[in-house]
Amino acid sequence: MSSSIPPRLYDMSPTESKKQEDVSETELVYPVELADATIQPSKSDDDLFDSNDFSKTYLAKSRILSNAMNEIGFGRYQWYLFFVAGFGWMSDNIWPVCTSLILMRLDEVDGPHPPAEGRAPYLTLSQNLGLLVGAMVWSLSADTIGRRWAFNLTFLFTGVFAVIAGASPNFASICVFDALWSFGVGGNLPVDSAIFLEALPSSHQWLLTVMSFWWAIGQVIANLVSWGLISNFSCPDDESVCHRADNKGWRYFLFTMGGMTLLMFAARFLVSVYESPKFYLAKGDDYKAVETIHKIARINGKTCTLTVEELYAIDRQEQEESDLDDSKSSDAKSVTQGTTNLIVEKLRKYNFEHIRQCFGSRKLAISSILVILSWAVIGLAFPLYNAFLPYYLETRGNANEPLSVAKTYRNSLIVSAIGVPGSLIAGVLVEFRIGRKGTLCLSLILTGVFLFASTTAKTSNAYLGWNCTFSFFSDIMYGVLYAYTPEVFPSKVRGTAVGLAASANRILGIFSPVIAMRANLTTSAPIFVSGALFIFAGILVVFFPYEPRGKSSF
C-alpha cells in the first residue's frame, strides 16, 4: 500500500499523521532494475575523500546518497532550511555581541554605585566558558543521538536563560545566566552547518558560505535593538550615581533578544526538520536514510530513483570479499546493525571513536590539526578585540572626549552593517579559481592588516572607518571558515569535528578577558596582538590539504 507526501512545507509539521509521512515501502526497496551492484572506485574526481580516509563501503554508500540529493536538486525543502538553519548563524553572533553591548551598562546591578574597575571582563569569561561546554556537548550529541534534538534544544536553552538574565539581581547572577545561555549558543554552528550541508546538492554547497549572511544580520539586529533600548534607557553620562530605575535599557535588551530567540525556537519546533539522511547512514539505518531522501524529494515536487536495495547490495559485496581487514569488518557490522539500539546504548558505546576518526589518515590528520589550530588562533584574536569594541569606540579618538552612549551604539551598528555585503561577497569568491582556501587566506591576512592600520586613527571617525573595513573582511573570513570546516569532514564525524574546532576556538577565547584584565586597554597593544594572530591564521590556511571547491562533501 502506497501513500504520498504532497510537496508542501506544512507537511513537515510533527502534528501530521504518520500515515501521511510514510513513504511507500515498495518504492524504497524495489527500484527500477538494478545494474550489477559493485562498490564504486575509492575516489572520483568529484570526491573530496578517498578510501585512505574512511572505509570504502561508507564512501560508496555516501556517494549514492549524494547522487540522489543531486538528482532531487535544490528546492523548497532547502529554501526552508536556508532560513531556519540561518537562525543558528544569527544566534551564534547575536549573543556574544549582546554580552559586549551590555558590558559597560551594568552600573546598578549591585547597588547605586558603579562596580569595581576591571569587573566587566568576568562576564566575557562566563560567556566563553558556556560556549566551550556547549560546543563540546551539542556537537558530540549530534553524531550520537542525532542532529534534530540539538537543532531545536539549543534555541530553547538560549532563549529561556537570556530572558531570566534580564531580571538578574546582581552581577554574579548575570555571569551565571550568561554562561547558561551561551551553553545553548555553543551548539548552533556545529549542528546547523551539518544539517544544512547534508541536505544540499553538491552544486549548491557554496550556499554554506552565504549562510554567514545571517551571521552578519544577527550582529546588525543586536546593535540596532541596543541602540534603541540601551542608549535611551541607561543612566546619563554626567551622573556619578546610577540607580536601577534609570538603567533598565540592558534589561529590556535581554528581554527582547531572549524573546526573539524563543520565537525562532517556535518556528523550528512547529515546522520540524527531518533528521539528516547521512546521520542515518552513519548509524547503519540504510532504510531510514533512503526514506528521508524520498520525503525531501516529495516536498521539492521531484521523484527519486534511489532504493535501499542499492545500499544493501554494497553490504553484500563487502561480505563476499574474504580479504577485508578487521577494521573494515567492524565498520561493515556497524553499517548493517540498524537503529534498534536505544539512545542510552549509543552513548554507552561512545568511546571517542568519532574523535579518532577525525584523524583517521595522514592527510585527514594534517587537515584536522591545521583547521582546529586556525580556529583556536582566531578564537583568541577576535574576542580579544571585538568583545570590547563598544569600549574602544567609546574611549578612543579625540583625546579625552569619550563618545556619548547613543553615538557609541550608533557606531557599533554602522560597523556591523558593513559586514553584511562581505558575507554575500564571500559566497561568490569561493566559487572562483582561488577557492575556499585562497579566499580564507586573503581575508584573514587583510583583517589583520586593517587592525594594524586602525592604530593610526587620531579621531573617533577615523577609528570608525578602520573598524568598518575590519568588519567587512572579517565577515568574509568567518563566512568561508564556517563553510570550509564542515565541508572537509565526512558526515559520520562532522558534528564532532566541527565541535572540536569550535571548542578550541572557545578555549582560546577564554584567555581574551583574562588578558584584558591584565592589559592596559588605553594602549594599542591588544589590537597589535589581535592583528598578528589573524595574519598567522592566514598563513596556516596555505597548508590546508583539502580544497572543497567543485567537490562533493560526504
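Cβ coordinates are placed from backbone N, Cα and C, and glycine is handled just like the others.
Note that this is a predicted model, so its numbers are computed, not measured.
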Annotated phosphoserine residue, as Swiss-Prot has it, among S42, S329, S334, S491: S334
Seg_contact(the transmembrane segment (171-191), the transmembrane segment (437-457)) with at least 3 CB pairs under 8 angstroms, min sep 6: no
Within-chain partners of the transmembrane segment (120-140) [C-beta distance under 8 Å, separation at least 6 from its ends]: 95-96, 99-100, 102-104, 106, 150, 154, 171, 174-176, 178-187, 190-191, 350, 354, 383, 387-388, 495-496, 498-500, 502-503, 505-507, 509-510, 512-514, 516-517
Per Cβ pairs under 8 Å, the stretch of 210-230, 412-432, 437-457, 462-482 packing most closely against the transmembrane segment (525-545): 437-457
Contact call for the transmembrane segment (412-432) against the transmembrane segment (210-230), three or more Cβ pairs under 8 Å: yes
Positions on the same chain near the transmembrane segment (364-384), where near means CB under 8 A and six or more residues out: 49, 53, 96, 124, 128, 358, 444, 448, 474, 477, 481, 484-485, 488-489, 497, 500-502, 504-509, 511-513, 515-516, 526, 529-531, 533-534, 536-537, 540-541, 543-546
Positions whose Cβ lies under 8 angstroms from the transmembrane segment (253-273), at least six residues beyond its ends: 9-10, 12-14, 80-81, 84-85, 87, 90-91, 94-95, 98, 101-102, 148, 151-152, 155-156, 158-166, 181, 195, 221-222, 225-226, 229-230
Same-chain residue ranges lying at least 6 outside the transmembrane segment (210-230) that approach it to Cβ under 8 Å: 82, 85-94, 97-98, 101-102, 105, 193, 196, 249-250, 252-253, 256-257, 260, 405-406, 409-410, 412-413, 415-417, 419-420, 422-424, 426-427, 475, 478-480, 482-483
